[in-house]
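Okay, structure first, notes after.
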């Protein structure tokens, strides 16, 4: 079995790659995916987003090693094990990132990935239902829209931000990210619109694209060139041959794992496990970054939250409305209002992100408050803490060793303390007067730095945005894994294209920049001229040096 291009992983970037590489009928493409079908209400119904993430059928279910700065808790680290990868189990939140994020990438050695370079790819990939204005695309395969925004708590949140003196934004994915506004989601006609929906399924209708369900064991490297992938299916081990290139799009955990199993990585680590070293790249598995968040929860004194819909009977009603009519609560992820704020004067770009939810409940659907309530997921998104992904064993089926090293930088504590106090200021605005009851979490007794730190150690968790473990950079950077054209340094015919190549975490959710990475990598692979650079100038708060709002 062989093809011109073999793509490992059908997630956000892998699906985009499959679609773009196969547009030319002369190119044959094989996509390798271990996970099964995405058909079914648990994935397709937007409001059911908590279910697939908690199901072994759809999620690799990784756990970090004990995190020393978080009471030695092991933090859940889900990754999609299904057609569409993590885009099939995520929260469907659509955030491109800030212009400064991508300019930073270029400064770190990813030449050609500045904001002016990547904006045309964001436009190419999206079908924005907010219209085209020079910043947004309307002809792409990825549907992007706002939710219904019917709950009054969404409007109270945005109004509270205005009352607190913060900026408002009509389109945080357009010229102005900073401020309070309404959140966008990747849904369409009442369904999740994953990378599989947008890219992979249309590509699979072409005769030159094949999807193989299998377990990828390692990349076959002969004489310094990737020639195929060793896979396991039906109890048999075989090799799928690549006539041109192998592209790894297996996630920020599994992409470095595959490289190391194939002999590409830190030589000492590989030798310790008895793996033949093909290329010594010490950066493989290093530079792990993520977003952390906590839930700030408040009781609602009015029965307007989603709490009424939590009993099984009413969940069934909502499910039936969605199943038969594609209407009701089921058509939205319920993250319909948001904010992107700067933590202090002198901070040029937003670094605090809010997802507002009109119910008090954990992201995984557990530990719901036994009353009407509302919450925000609060995250400081530009942490300086760095972790790693290493091999547990030379056995391809052994889970990787994930060490996030969360909160290892002192600045993270300072920023998250500020997040707690800032959120109290926002929830204390007049817009919430008619809804605001007692604080559930952190709780009104949590006031001092020490009390806030104790709360954070017990309640901070991942926002599920890992990246950076196969860092893109210049060839003379010893910690870079791929060059700016996504080629693995030191191996011919091998690329990595997913969130693992991000030199620095972007500000916001990672599905959008991961898909963009697949789009742009496809042009590099095909030898196409990159899309023309944009001349749009993003909005930067003119008061950024002297004010946080």
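Glycine too: its Cβ is placed from the backbone N, Cα and C atoms.
Copied over from Swiss-Prot, here are the features:
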type     : residues : note
ACT_SITE : 465      : active site, proton acceptor
BINDING  : 4-33     : FAD binding site
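For residue 465 (active site, proton acceptor), the nearest neighbour among the listed binding-site residues (4, 12, 20, 24, 32), judged by C-alpha distance, is 12. With respect to Cβ neighbours within 10 Å, the binding-site residues 12, 28 differ, and 28 shows the lowest count. Between the candidate binding-site residues, 8, 16, 32, the densest Cβ environment within 10 Å is the one around 16. Long-range Cβ proximity for residue 20 (FAD binding site), meaning a same-chain Cβ under 8 A and a gap of 6 or more residues, is found for 518, 519, 522, 523, 526.
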